[in-house]
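What Swiss-Prot says about this one:
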TRANSMEM  4-24  transmembrane segment
TRANSMEM  43-63  transmembrane segment
TRANSMEM  82-102  transmembrane segment
TRANSMEM  108-128  transmembrane segment
TRANSMEM  183-203  transmembrane segment
TRANSMEM  217-237  transmembrane segment
TRANSMEM  253-273  transmembrane segment
Amino acid sequence: MDWLILIKAFLLGIVEGLTEFLPISSTGHLILAGDLLDFNDDKAQVFTVAIQLGAILSVCWEYRARLINVARGWGTRRANRFVLNLCVAFLPAAILGLLFIKTIKYYLFHPLPVAIALVTGGVLILWAERREHRIEVENVDDMNWKHALKIGCAQCLALIPGTSRSGATIIGGLLSGLSRKAAAEFSFFLAIPIMFAATFYDVYKHREFLHSDDLGMFVVGSIAAFISALIAIRGFIRYVSHHDFTLFAWYRIGFGLIVLLTAHFGLINWSAG
């Protein structure tokens, strides 16, 4: 295994972990980072999806007590409602993803569409934060299926790379009446089924690009994603308990504009597809 490949895998794993659960788009950052590292062929695209497994497992680990309680309480009203809400929120993006993911990847999985989505998403976050929030739900356990459906519909926007799955679901939660902490935590829980499904589906569909020699690359990337995601989750929950999402909105806008300006002036030769 080439050491350069392992270094790239490690760096991309850190990018995945740090950005997956923040409202700044992990897919967008991975596309841009892969382009800069010249790691953007078919195998690289499978890799960037597969290392999401490390990030997913970090959520499972961080909230292991909650997930174990749901499993032990299976059949109780509280556990059933929690699982129902996840299923309701999962379905809209899952259905649209199966129908349109090939078209989306062909046209939008490139640096410039990502940059536009970063800026647009940042503006939407600023708009959502400036709206008056009427909090109906302080805790994830107090959600109903209507809240979940609204968040699930918002998650469909995240099929566009650069939008951010966590950003779409968190803003959807805020607009549905959830507190910032409840919206962030439900976004984390919702990541488990949607990311497991997307990861295994994508890896299976592109299994011809995978070889046993690539195992080290995937292991390094996944471990880096797990550790960095765990750090990001804990820091993010502490942050949103006392702050809004304006900082992330301005980061998105600034980063997206940098990509667009460097492309316009030819400072970086971003790929066009």
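Every residue number used here counts from 1 along the chain in the order it is shown.
The backbone N, Cα and C atoms fix where each Cβ goes, and this holds for glycine too.
Only residues 6 or more beyond the boundaries of the transmembrane segment (183-203), in the same chain, are considered here, and those with a CB under 8 A from a CB of the stretch are 20-21, 46, 49-50, 52-53, 55-56, 59-60, 62-63, 82, 85-87, 89-90, 93-94, 97, 140, 143, 148, 151-152, 155, 165-166, 169-174, 210, 233, 236-237, 240.
Contact between the transmembrane segment (43-63) and the transmembrane segment (217-237) is supported: at least 3 Cβ pairs lie under 8 Å, counting only residues 6 or more apart in sequence.
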